[in-house]
Ligand code: DX5
Ligand code: ZN
């Protein structure tokens, strides 16, 4: 069964505590948290202090997706908060190996995200060390964009890469434009975790939407 990680980016920011509680009660598996710095992507969101203030209000594991140019600067802050997955972008650092080891040394799971134009092959020599590959199915920066179909092939390649390493516990997550129409495609391709922002937060019945996305 796939897991559903609603993206907080589509929540009502004036009522964050209620929104997160609502998502938890609606059956979400993880809370997807999009950190944007206005450099790596042309948008700003929230930082560690805001996320820290939410930690005591939900038991959901934090799935932190850093769309920032200097991800290494935030490892300790998110480890201190209590973060399950710390995911950074392959395009943001030439030192993926070092950063992955550092994330794990803090007891977090390490994920690497790929922009739509970045090949899965870039992760061949780090996959054995990864807990997650996050395939972007939109260009990062904004919620509510349309799914890029090529992501389906990349999900399959990422699954195959983890399968190659027999002892791997790595999961494949897909992020961007996931809705009732595209969810079956990414489930079929083998995605383990589906991120959904606008589809879940915009649904009249969020619990029903989460169930339907799971298939
Ligand atoms: C995009 C973010 C996504 C976004 C998904 O840069 O990484 O997590 O919130 O939103 P939807 O599901 O609306 O495409
Ligand atoms: Zn995201």
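Each position is counted from 1, following the chain as shown.
Any Cβ shown, glycine's included, is placed from N, Cα and C.
Heads up, TrEMBL stuff is auto-annotated, nobody curated it.
The active site, proton acceptor feature in TrEMBL is assigned to 34. Per TrEMBL, the feature active site, proton donor maps to 175. What TrEMBL records for 7, 65, 141, 142, 143, 144, 175, 176, 177, 197, 198 is substrate binding site. Taken from TrEMBL, the feature divalent metal cation binding site applies to 32, 34, 65, 175.
Distance noted between the C-alpha atoms of residue 34 (active site, proton acceptor) and residue 65 (divalent metal cation binding site) is 5 Å.
If you draw a 10 Å sphere around the CB of the residue listed as 'active site, proton donor', it holds 27 other CB atoms from the protein chains shown.
Among the binding-site residues 7, 141, 177, the ones whose Cα sits within 10 Å of the Cα of residue 32 (divalent metal cation binding site) are 7. Minimal Cβ crowding within 10 Å, among the binding-site residues 7, 198, is found at 198. Secondary structure at residue 177 (substrate binding site), taken from DSSP and collapsed to helix, strand or coil, is coil.
All protein chains shown were included, and the count of other CB atoms within 10 Å of the CB of residue 143 (substrate binding site) stands at 21.
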